[in-house]
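Visitor: Pulled these features from Swiss-Prot for this protein:
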ACT_SITE  His77  active site, proton donor
BINDING   Phe13, Ser45, Phe46, Glu47, Ala69, Ile70, Ile71, Leu102  5-amino-6-(D-ribitylamino)uracil binding site
BINDING   Asp74, Thr75, Arg117  (2S)-2-hydroxy-3-oxobutyl phosphate binding site
Amino acid sequence: MSEIRLGLVVTEFNREITYAMEELAVQHAKDLGAKVVERVLVPGSFEVPLAVRKLLERDDIDAVVTLGAIIKGDTDHDQAIAQQAFRKIQDLMVEYGKPVALGISGPGMTRMEALERVHYAKRAVEAAVKMVRRLRELEGE
């Protein structure tokens, strides 16, 4: 079975959190025998789907991992952003037939809760790698 090639889409909003997630994801991909071939930084979670689409269009990307932290503010804006972004990410995964792992934590979190969930980046990488392997098995590779 050939090496699994991942693309990362990482939000710049709450960068101190997403930077830690990004570094953890890259290392965990290596530990699992996968390789991150492209990293794309986007301003926030709302912009994630467009970058996901661009990576899914590439032949050298087997799966995409999204990383971000949607923290609760004074309004319900975090809920609206998350709902729209998550739905579009799922739609893109089905449209392109390639795994897209959701490593965006939130909404409704405090900054402290987001920091406590940095390790969720590893779960997202694991999900992407597992799905690529399962799809390859289904396709007889």
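Cβ atoms here come from the backbone N, Cα and C positions, even for glycine.
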Visitor: What does DSSP assign Ala69 (5-amino-6-(D-ribitylamino)uracil binding site), in three states?
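Guide: DSSP call for Ala69 (5-amino-6-(D-ribitylamino)uracil binding site): strand.
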Visitor: Distance check, please: Cα of Phe46 (5-amino-6-(D-ribitylamino)uracil binding site) against Cα of the residue listed as 'active site, proton donor', rounded to an integer number of angstrom.
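Guide: A Cα-Cα distance of 11 Å.
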Visitor: Through the lens of DSSP with three states only, how would you label Leu102 (5-amino-6-(D-ribitylamino)uracil binding site)?
Guide: strand
Visitor: Applying a 10 Å Cβ distance cut-off over all chains shown, what neighbour count does Asp74 ((2S)-2-hydroxy-3-oxobutyl phosphate binding site) have?
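Guide: Within a 10 Å radius of the Cβ of Asp74 ((2S)-2-hydroxy-3-oxobutyl phosphate binding site) lie 5 other Cβ atoms.
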Visitor: Taking Cα-Cα distance, which of the recorded positions Thr75, His77, Arg117 are within 10 Å of Ala69 (5-amino-6-(D-ribitylamino)uracil binding site)?
Guide: Arg117
Visitor: Taking the Cβ of Ile70 (5-amino-6-(D-ribitylamino)uracil binding site) as the centre, count every other Cβ atom within 10 Å, in any protein chain shown.
Guide: 25
Visitor: In whole Å, how far does the CA atom of Phe13 (5-amino-6-(D-ribitylamino)uracil binding site) lie from that of Asp74 ((2S)-2-hydroxy-3-oxobutyl phosphate binding site)?
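Guide: Given the Cα positions, Phe13 (5-amino-6-(D-ribitylamino)uracil binding site) is 16 Å from Asp74 ((2S)-2-hydroxy-3-oxobutyl phosphate binding site).
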